[in-house]
Amino acid sequence: MAAAAVVESLVVVHNVAKRHNIGTLARSATAFGVSEMVLVGRRDFNSFGSHGSSSHLRFRHFHSLSDARRYLKEDRGCDICGVEIADGAFPVNVQPFTKSTAFLLGNEGTGLSEKECEICDFFVYIPQYGGGTASLNVTVAASIVLHHFGVWAGFPERSRDGNKFVVAKKPLKQAFYLPGTYPRWYTDSGLLYAKVNSLTSFRTELPYGYYTLPFCHPTGGVKQMAESLGELLMGDRVENSPYRFKMNTNEAGIFLCSTGPLSSHQVETLKQRINKQYNVNLILDGLPAIRYAEKDGQNLRGTGYPVGIQFNNAYYVFNHLKFKVLIHKSDVADYLHTIVGFEVTPCSHNHIQEEGSQELKMYDKLSIKIHCDPQMPAMEVKEQNEILFSYDVSFEESEIKWPSRWDIYLEAGESRVHWLSIMNSLAIVTLLASIILIILFRTVRRDLMHYEAGQQTQEEVSGWKLVSGDVFRAPTNPDILCIMVGDGVQILAMGVITILFAAIGFMSPSSRGALINGMIFFYVALGFVGGYVSAKLWRTINNGKFKGWVLVSLKTSFLFTGTAFLDITLLNFLLWGSQSSGALPLSSFGTLLLLWSCVSTPLTLVGSYFGARSDLIRFPTKPSQIPHEIPSQTYPSWMWIVGAGVIPFATLFMELFFIMSSYWHGQAHYVFGFLFIVMVLLVLVCAEVSLVLTYVELCAEDWQWWWKSFFASGSVAIYVLIYSVLYLVLDLHSLSGPVSAWLYIGYSLLIVFAVFLATGAVGFLSSFCFVYYLFSSVKQD
């Protein structure tokens, strides 16, 4: 007989010996209506054999059986049924089920262990009627048990087409937002748990942990979610929360907890967070909570909600939350949904202390109906005041489909201005680049044609042709130049590849920290390229000598990476001193050090080895014994160099504005397609500007072009630095405290240094190729 209430089945596997069995178990679990698969122990999910079941099934991993049991009993309210021939076990065909049940499956060879049996409420076994072995494959056994539970629970049968089972006549759409992600399907009345991220403020840029304030704790204690290195570097600290919802079930007046009388320290901390305009950031199914507000007649939206508000010289905390969860119904069955939106409205409500209110337990319903206006706060922050936290939740069917659920987060508030500005910049820069190329190559071609035709006498030879015996003379500090060019190429390649992958869709905001992870991965992997370029250039400048390439390689590995590590360490001391949750844990520092010393540096050495032993680039002319005297110039070279950075900066300016506005104001920036185009255009313009300046210097008989070509295009970093300072003064003037300003300056200087190396390398290599081509046609006496 089917159960009257909506029930769920779960599958629990502990240390399954064969990895592919987890995938086939997932496939069977999907076929028989299982809502969640709990993995315990060393085996993580392997998609082999699952045939897309991960799109229909939730997965959860625990390291120990005790953690899994606590989750199943306390959070899910399930019975735990062991599938084993044990004393008192029921034959599965009698269907001894009373409510939602989690089926524990043991190791294929040994079955359930003693520890596994201890957490079970009862056992079932599969009666057998034939001869032969009594052992069944774990997937076969699970399928039989799950089938009996589905019959008892009254799960609706999927439609059939002939003899083939299909997911209804209209197949379930699996259009993914980005490669490697998939929607999670939730059954009606299935439990949903919101997570909390760090408290953030645009006034301080110093994140703090959610539980540094007197908020309600989950029943099982606070647990930090597994986070990637990118998330940690971004300051994210995701933890579990007590906010629990039942899918597609509206609830009102849910009691969470009462703080008890507030201490003076708690009151002071709350007031500080409210003063600095800190936001609470909640996450449900990967979606940040979004809040709508009206200001000056305009509808505004943003992620998170304020801790509280200051009103009439008093401080009020938002202690009642109204959630709205937008869901999209599956084409398979009415009881399956995906989450496509998560909205929150904060209220400050002074709960009336009714008789017996002290006896309330978490998730009990309040007897009073809460009416509150976000603009009329009521719960004042005072010593000895008790704050009672509660929430409402409503579910709303939405036409938004899962692949489009991030659209509302990624919409630009000034999209029209954004697109028009970028297109205008592209048009202007492209036109300017075309003019530069036409003038340059026409002039050079005419000079070469006259020179090769012998139309110029020795006395008439002038300009760049006079320095043919000096143009390939080694520059000052050649090792530093090689190191900077190698690092610049590595940074540039990392940036281009990362933005390309982001534009394709591999690094969307829905995967937190993915962009930072991608940058770290590609930078470390491209150490080979940086080492190759620096060693090859070193050997070229030294006319084929091998000596010193190892030292150049090591310095290449240490220049930018060491600078970045030192910068992050110093900024981390500031975060530690401010007790901010944005400070990196020591384990993350260890990870960065291991990546640097054990991956990046060896790859750089390997690249340098191949670069030093690759075919030598032989200069077309040999340096003369006596250096050519450089005539005095009307304008000093540094003026040309500083002025040269204006044109590349014009390419970058508008995109830089949107990137900085997005990052420092907490908005999502997802126009990576245009960013990729701008970056490619920036590379072209840097190459052209450096090339033109080099040609002008050579025509003025200045053969010291090596460093000048690097600085000509690298000078765009000067304007990025100036713009960063102006942005801090004019746009981020609300930043409070010196720590916030130093954080901004520290990160900005690191970015400026990276821009300098990358653009400088582009300019140098383009000039090197141009000079090599130009003097290959010169006849040297």
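Including glycine, each Cβ sits where the backbone N, Cα and C put it.
Per TrEMBL, these features apply:
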- 10-147: domain 'tRNA/rRNA methyltransferase SpoU type' (DOMAIN)
- 419-441: transmembrane segment (TRANSMEM)
- 491-508: transmembrane segment (TRANSMEM)
- 514-535: transmembrane segment (TRANSMEM)
- 556-577: transmembrane segment (TRANSMEM)
- 589-612: transmembrane segment (TRANSMEM)
- 638-664: transmembrane segment (TRANSMEM)
- 670-698: transmembrane segment (TRANSMEM)
- 710-730: transmembrane segment (TRANSMEM)
- 742-775: transmembrane segment (TRANSMEM)
Can you tell me which recorded stretch out of 491-508, 589-612, 670-698, 742-775 has the most Cβ pairs within less than 8 Å of the transmembrane segment (710-730)? 742-775
Segment-segment contact (the transmembrane segment (514-535); the transmembrane segment (638-664)) at 3 or more Cβ pairs under 8 Å: no
For the transmembrane segment (589-612), find every same-chain residue at least 6 residues outside the stretch whose CB is under 8 Å from a CB in it, and list them. 229, 520, 523-525, 527-536, 538-539, 546, 549-550, 552-554, 556-557, 561, 565, 568-569, 572
For the transmembrane segment (491-508), which recorded stretch in the set 638-664, 670-698, 742-775 gives the largest number of Cβ pairs separated by under 8 Å? 670-698
Kindly state the mean pLDDT of the domain 'tRNA/rRNA methyltransferase SpoU type' (10-147) in the predicted structure. 79
